[in-house]
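Asks: Take this structure, written in structure tokens, and hold onto it; I'll ask about it next.
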């Protein structure tokens, strides 16, 4: 297979329809331009004394929703952040490295003895361009609405660059933004910001190609994924990652142990620190924004894991466990954690400390192995912070609803309020084929309690490698979970979104309903199919085919109230 795919194409940039337009908001502290997507509404809705004829949306699609940008996937996206970095004196070109053939850019790193992390700057009181970008992005150009909302007793205020800096300095939030990923549009992960979602992609030894994975990554961010993880374990891992990074406006994460294992022919016992270190640096120079590193699984925890119903279900965790048993030594990712942090701070790579012992069945939830590792993750968090490395903590897994709250409580206690990033949790073991819904149920509850980012699950979970349609389904369902959690947390912008949808629904403004939904394409398609028996497309009807013209409750309500 060629490592330079020739069947890539730029997707339709008017994807969201004629009522959607790309807008950019300028920063006041730095030369940043923050992209958003604005929906033009068919009428003006008055809510609490404020008129809305349009609604700005938080947008993860980058230039893929801007028709004015020419995109060539073989050359990658425009380098948004290069301009911000050009006057920096704390970075240098990596010696002996050639420019990327895609963007003609030579990788950089921190100068000797320097740290270039967002946490480092935040602790020094410096507001970076990335921090201002995040503040503008989180507000969605709704500062006036948020202020009005807070004047009615809400504790939620508009996000300021100083607030972002303070959250980063305290370790409660991260901005994953490798200095070698200039195509990135910065975003924040933290419980005092919007709940984010991650989409996993990546080939396997049995399926997929570079072009398919690039297509899935673009597809994921266009449907609303805030970050993407490339979990490739098959051929051409390096090349696949390069193509994904150069075409990604969202942060990209990886699990470096997968590529390290490939380098030793899949034999876990032949891994060593030198191979892993070289893999970290290789991926750092490409621009990976965060690494999942399973440093918390220790020899002492393995007996407890052996007593489980489903053992160790983390791929990275099982690799490390096999290495530890083969060598009768402590996890080298734990022993070399200081060395790892020294590398990460040189490129501003965040660490997602992996939950190698997450429960893979509800029978194993909240057990000794899981919480023993969680305590170790808290210990490693403090160590990483000494290096100014940004940290988030990975969480479960399979957890029944009655045990979900304990996970959040212990994570905050053990891990010093570092952001929590969880795979669901899935709340039952019997939902094969529907595990994306299963995951969203647990994720909604956990996010409402403070989980900062949900890792999506697709309908293929436990069954096979997802295709791009599975990616879409997983993203939308988890965007729903994140939005529901934002509402529960009192987010003024999330509540406004729902208020506008309700107003459009009561007004039978069908196009507004389509455009305000999480999946405008599907809602428009489903409505059109249902309306085919009537004349036209149904967008002028004051009813739908569920109730018809004579049994529509909202229509009857309007007749009764006169409004």
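Placed from the backbone N, Cα and C atoms, the Cβ positions cover glycine too.
Positions annotated as region 'Disordered' by Swiss-Prot: 95-115. Per Swiss-Prot, substrate binding site is recorded for 200, 229, 258, 294, 314, 315, 316, 355, 356, 357, 358, 394, 421, and the stated evidence type is sequence analysis. Taken from Swiss-Prot, the feature Zn(2+) binding site applies to 398, 462, supported by sequence analysis. For 544, 547, 552, the entry in Swiss-Prot reads [4Fe-4S] cluster binding site, with the evidence type sequence analysis.
How buried are these features, and what lies next to them?
Replies: Its own atom aside, the Cβ of residue 316 (substrate binding site) has 23 Cβ atoms within 10 angstroms in the protein chains shown.
In the three-state DSSP classification, residue 398 (Zn(2+) binding site) falls within a strand. Within the same chain, the residues at least 6 positions away from residue 398 (Zn(2+) binding site) whose Cβ sits under 8 Å from its Cβ are 359, 360, 361, 362, 364, 365, 424, 425, 426, 427, 429, listed in sequence order.
When Cβ atoms from all protein chains are considered, those within 10 Å of residue 547 ([4Fe-4S] cluster binding site) total 13, not counting its own.
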Asks: Give the number of CB atoms, excluding that of residue 258 (substrate binding site) itself, located within 10 Å of its CB.
Replies: 20
Asks: Do you know offhand how many angstrom separate residue 552 ([4Fe-4S] cluster binding site) and residue 200 (substrate binding site) by C-alpha?
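Replies: For residue 552 ([4Fe-4S] cluster binding site) versus residue 200 (substrate binding site), the Cα atoms are 42 Å apart.
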Asks: Rounded to an integer, what is the Cα-Cα distance in Å between residue 547 ([4Fe-4S] cluster binding site) and residue 462 (Zn(2+) binding site)?
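Replies: Spelling it out, the Cα of residue 547 ([4Fe-4S] cluster binding site) and the Cα of residue 462 (Zn(2+) binding site) are 39 Å apart.
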Asks: Determine, to the nearest whole angstrom, how far the Cα atom of residue 316 (substrate binding site) is from the Cα atom of residue 462 (Zn(2+) binding site).
Replies: 17
Asks: Who sits close to residue 421 (substrate binding site): which same-chain residues at least 6 apart have their Cβ under 8 Å from its Cβ?
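Replies: Listed in sequence order: 189, 198, 352, 392, 393, 394, 395, 451, 452, 453, 454, 455.
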